[in-house]
Amino acid sequence: MSPKTETKASVGFKAGVKDYKLTYYTPDYETKSTDILAAFRVTPQPGVPPEEAGAAVAAESSTGTWTTVWTDGLTSLDRYKGRCYHIEPVAGEESQFIAYVAYPLDLFEEGSVTNMFTSIVGNVFGFKALRALRLEDLRIPPAYSKTFQGPPHGIQVERDKLNKYGRPLLGCTIKPKLGLSAKNYGRAVYECLRGGLDFTKDDENVNSQPFMRWRDRFLFCAEAIYKSQAETGEIKGHYLNATAGTCEEMIKRAVFARELGVPIVMHDYLTGGFTANTTLAHYCRDNGLLLHIHRAMHAVIDRQKNHGMHFRVLAKALRMSGGDHIHAGTVVGKLEGERDITLGFVDLLRDDFIEKDRSRGIYFTQDWVSMPGVLPVASGGIHVWHMPALTEIFGDDSVLQFGGGTLGQPWGNAPRAVANRVALEACVQARNEGRDLAREGNEIIREASKWSPELAAACEVWKEIKFEFAEWIPCNQ
């Protein structure tokens, strides 16, 4: 190629590795009400300036690539590019900072969590200029959230369907989670429901294995639901796990559940995927089914504090994709989490409007407008002695899910369920009378156990149970 030709071809175009901060670091940018805002915890490689690292995150999660390309001239980068508009240090961490990035709304397909995450938490997390990257929070503007259906029904509609008000709902995961035949599984469900629980649950591992095929399980669980309803006069449910290897098979299982007339099905939304979850949520709204969500695999994504994604982001994504319940940790028990941080994302699940509050890990004010709320599910190593704390911490709009805490005392499933129901009713009554559950919780349980032999037996079984692990970092189920 002649020098003259090179000169003509290079007019307005310079190849090579470019500095991202020249285009994508815009500290003077004023965010728009329609922008999706992200807060990233960035750990750059040694020698990479914060401005360059933050700009690289904005570029690689939006319109940028590592070099200038001639097709940049065929569109408006100023209209479509992500912008790193603010950088702040992380207290106590010399090599980390929070980079705030604004994304124009037109970068994302309407009603698609899958597409949103493909951009914001896609290839940028493997970028060489970064040692680690964690998405701490997202601000979803109403202009985008209104393109999602959200939860199939929401908290108020669920209470109306169940005719249950003024208290948390009670659940139990059937154990052992694998190995029971369908008939024995259904018997365990029946005993728990007739003892006073509102729900029982398939473990997230239970799909359709050789020892118990899904159709058999659905039939025996439906029988258990109807029999317990007839005996107690209360509406009951069992979270029938519809998670499957294909979306078509998942919907087939949900259709069968609807034909049986049961009130609720279940999905593992992270292992199943957001496309499958949104598909199931739409089916559930159209067909009157509640949808319980388990978060299996979340700790792979959210456990490391420097890399991955905080669960509050996964919680927001679930509310958009759709689910009426989701597991959210306990604050107490074997999967104890930080109280303020946990309640921060619990409020993001339940409330319509949540103010920015960094002490609770909430980086942005979030307005869900009219999107229905999601019931948080507290589960993992909890038992009757935890009931006062759980009632006080989570309030009425929650599901308290006792697995081993229901099935692990010696009198049988129904008396164990009675113990949990009595403990809950005692705590709710004491709270309504103005008693302090945080200070008087143990005394409230002891008083109730005097007239409930089932609760007295449970109190004796669980009185010495503690979860203490040296050098162990807790995660939430």
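Cβ atoms here come from the backbone N, Cα and C positions, even for glycine.
Values in this document were obtained by computation on a predicted structure and should not be read as measured data.
Feature annotations, reproduced from Swiss-Prot:
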type     : residues                           : note
ACT_SITE : K175                               : active site, proton acceptor
ACT_SITE : H294                               : active site, proton acceptor
BINDING  : N123, T173, K177, R295, H327, S379 : substrate binding site
BINDING  : K201, D203, E204                   : Mg(2+) binding site
MOD_RES  : P3                                 : N-acetylproline
MOD_RES  : K14                                : N6,N6,N6-trimethyllysine
MOD_RES  : K201                               : N6-carboxylysine
SITE     : K334                               : site 'Transition state stabilizer'
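Rounded to the nearest whole angstrom, the C-alpha distance between T173 (substrate binding site) and K201 (Mg(2+) binding site) is 5. The Cβ of K177 (substrate binding site) lies under 8 Å from the Cβ of D203, N205, V206, each on the same chain and at least six residues away in sequence. In this structure, of the binding-site residues N123, T173, S379, the smallest number of CB atoms within 10 A of the CB marks N123. Counting only the Cα atoms, the space from K175 (active site, proton acceptor) to S379 (substrate binding site) is about 14 angstrom. Of the candidate recorded positions, K201, E204, H294, the one lying closest to N123 (substrate binding site) when CA atoms are compared is H294.
Sorted by the number of other CB atoms within 10 A, the binding-site residues D203, E204 start with D203, the lowest. By the criterion of other Cβ atoms within 10 Å of the residue's own Cβ, the least surrounded of the recorded positions K175, H294, H327 is K175.
Taking Cβ-Cβ distances under 8 Å and a sequence gap of 6 or more within the same chain, the neighbours of K201 (Mg(2+) binding site) are G171, C172, T173, I174, H238, Y239, M266, H292, Q401. Once the Cα atoms of N123, T173, K177, R295, H327, S379, the listed binders of substrate, are compared pairwise, the greatest separation found is 37 Å.
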